[in-house]
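Engineer: Okay, these came from TrEMBL:
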- 39-285: domain 'G-protein coupled receptors family 1 profile' (DOMAIN)
- 20-45: transmembrane segment (TRANSMEM)
- 96-118: transmembrane segment (TRANSMEM)
- 139-166: transmembrane segment (TRANSMEM)
- 193-222: transmembrane segment (TRANSMEM)
- 234-257: transmembrane segment (TRANSMEM)
- 269-287: transmembrane segment (TRANSMEM)
Amino acid sequence: MEKSNNITIFILLGLSHNKNIEILCFVLFLVCYIAIWMGNVLIMVSITCTQLINQPMYFFLNYLSLSDLCYTSTVTPKLMTDLLVEEKTISYNNCMAQLFTTHLFGGMEIFILMGMAYDRYVAIYKPLHYAAIMSRQRCNTIVLACCTGGFVHSASQFLLTIFLPFCGPNEIDHYFCDVYPLLKLACSNTHKIGLLVIANSGLIALLTFGALMFSYFFILYTIRGYSMQSRSKALSTCSSHITVVVLFFAPALFIYIRPDTTFPEDKVFALFYTIIAPMFNPLIYTLRNTEMKDALRKVWCHQTLLERK
């Protein structure tokens, strides 16, 4: 198929056409974005500056926070800027770049969550061999695999879109560039590409979500015979992970598991995995985790004492 592109700029329709609602959304998302940066940076500093970085679970949590920051930063700043202007435009090249980076960091986050689930499985199911299995070399390999998986996923989405011909309407009914809204604008039959998107994004999300939930429920089943204290600690950790998984995957599955159709609700659901999940992840992992709370106190109380001296 020969590519014919007459489109150099796309118009993003955004979340609303009401100026008052847009100003309200800007204030809300600004607060959320600041909270995302503060929460995730606090986690990364608290982990890297303490002995927690030597524990695989927190090693992965550090990278999860980093991917959260990168992921939301591919979308949120542009969204907030567009809420303050009349014409919400994005160039073709920037649109393709945004498509690539959102799926890159989103894919990395999905695979890091898989790595965290594997870590909890080994910790509970094979506690005597945990240190040997989850060595630093193994953890580095898992993180590298997560980055590679995210890149392969993103590159495939990018290649499915970059060769589409755009020669007609240029209004994207979304607040960022994503595959399905772009498929609607292509002046060619995109049915087969839509099926490939389902096979890529939808199937990956579904299989990963299923594997994650199965692993955590299997862990919860396994700890039935443990002592009350061990059960309580494992339950607290697993419940935090399950909350994050559901918050991220449920809206993503709603959007990517169906054929190439779009609904007005897609933009609202997309907010969950682009802004809300990255904002709540630090709260979920710290409020229910004694070790993280102790690390936060140790790092920031030490910093306060140094400043007073």
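The chain as shown is numbered from 1 upward.
Heads up, the Cβ atoms here are built off N, Cα and C, so glycines get one too.
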Engineer: Note the mean pLDDT of the domain 'G-protein coupled receptors family 1 profile' (39-285), expressed as a whole number.
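Structural biologist: Mean per-residue confidence for the domain 'G-protein coupled receptors family 1 profile' (39-285): 86 out of 100.
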Engineer: So which of 20-45, 96-118, 269-287 is most in touch with the transmembrane segment (193-222), counting Cβ pairs under 8 Å?
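Structural biologist: Maximum Cβ contact count belongs to 96-118.
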Engineer: Apart from its near flanks, which chain residues at least 6 from the ends of the transmembrane segment (269-287) lie with a Cβ under 8 angstroms of it?
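Structural biologist: Result: 29, 32-33, 35-36, 39-40, 42-43, 61, 64-65, 68-69, 71-72, 75-76, 102, 106, 174-176, 178, 240, 243-244, 247-248, 250-252, 254-255, 293, 296.
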Engineer: Which residues, given as numbers and ranges, are at least 6 beyond the ends of the transmembrane segment (96-118) yet have a Cβ under 8 Å from it?
Structural biologist: 57, 60-61, 63-64, 67-68, 70-71, 74-75, 78, 90, 142-143, 145-147, 149-155, 157-158, 161-162, 176-179, 182, 201, 204-205, 208, 211-212, 215-216, 241, 244-245, 248, 252, 273-274
